[in-house]
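Undergrad: Here TrEMBL flags 110 as active site, nucleophile. Feature annotation from TrEMBL assigns active site, charge relay system to 207, 276. Residues annotated as domain 'LD-carboxypeptidase N-terminal' in TrEMBL: 13-130. Feature annotation from TrEMBL assigns domain 'LD-carboxypeptidase C-terminal' to 176-289.
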């Protein structure tokens, strides 16, 4: 397992757009805000591009931008500016040995889940399910603090919600394993491909946005049939933002999550404020995780090499 070095003030952050193009904020505004926080910034070429209306440049350009950032010795961390769609399209174009041999902080979520899974499994690098740069003007104190704590902890990190939000146990138990995962739709899209998520003896984190409850049910059932819940040691459900009922007798998202927890009899927690939400918890991925749903505790532990 490779851990990137901590991010410090005056370090250089590389910005890339591996999925969709920027829309509601200019890249220069993002650079300005990161400079105000004390970081140097290098902007990737993909941040200026748009292709087909929903991609930030052609696939080869986005893949090369990612590789260049990892190869650049002056870059200390890479933050994706936004998600949308497109990360899966560049997986076959990436040389994952470049990432393996040049480990550094890599941050993003949503569609970036495709990159997290591939980097975790093919480059054996820890990455960060965290806030993206396009929302920087909305970052609150908790969100930024959670990010910095996740990037800089030395041995153990307690994953904590904002003080007004409680973690909820759906099935009591204790387990330990490498934590992996991200956006449900993207996770399901990896099934049957060479980038298929490996949940064997892992703790699986899942979040989603703007899907009807029956569609969430369908995707979770897909994972169930693929053996992904049977293989994992525990489950952490994050934010299911604007996942609404479609039918009058629809019992809602929580009921679906409970069904998965009870069916699989694995330690399961929900309501972790990570995903399409603000404030947002940053989760280090591909690191050892201790999950105690009795006490509603999540702890990330760095292995001592």
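Any Cβ shown, glycine's included, is placed from N, Cα and C.
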Undergrad: Would you say which of the active-site residues 110, 207, 276 has the most Cβ atoms within 10 Å of its own Cβ?
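TA: Ranked by Cβ atoms within 10 Å, first place goes to 207.
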Undergrad: Would you identify the secondary structure of residue 110 (active site, nucleophile) according to DSSP, in three states?
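TA: Its secondary structure by DSSP: helix.
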Undergrad: Roughly how many Å lie between the Cα atoms of residue 110 (active site, nucleophile) and residue 276 (active site, charge relay system), rounded to a whole value?
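TA: Taking the Cα atoms only, residue 110 (active site, nucleophile) lies 8 Å from residue 276 (active site, charge relay system).
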Undergrad: At the level of the C-alpha atoms, what whole-angstrom distance separates residue 276 (active site, charge relay system) and residue 207 (active site, charge relay system)?
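TA: Here the two Cα atoms are 8 Å apart.
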Undergrad: Taking the domain 'LD-carboxypeptidase N-terminal' (13-130) alone, what is its mean pLDDT?
TA: 98
Undergrad: In which DSSP state, out of helix, strand and coil, do we find residue 207 (active site, charge relay system)?
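TA: Once the DSSP labels are grouped into three classes, residue 207 (active site, charge relay system) ends up as strand.
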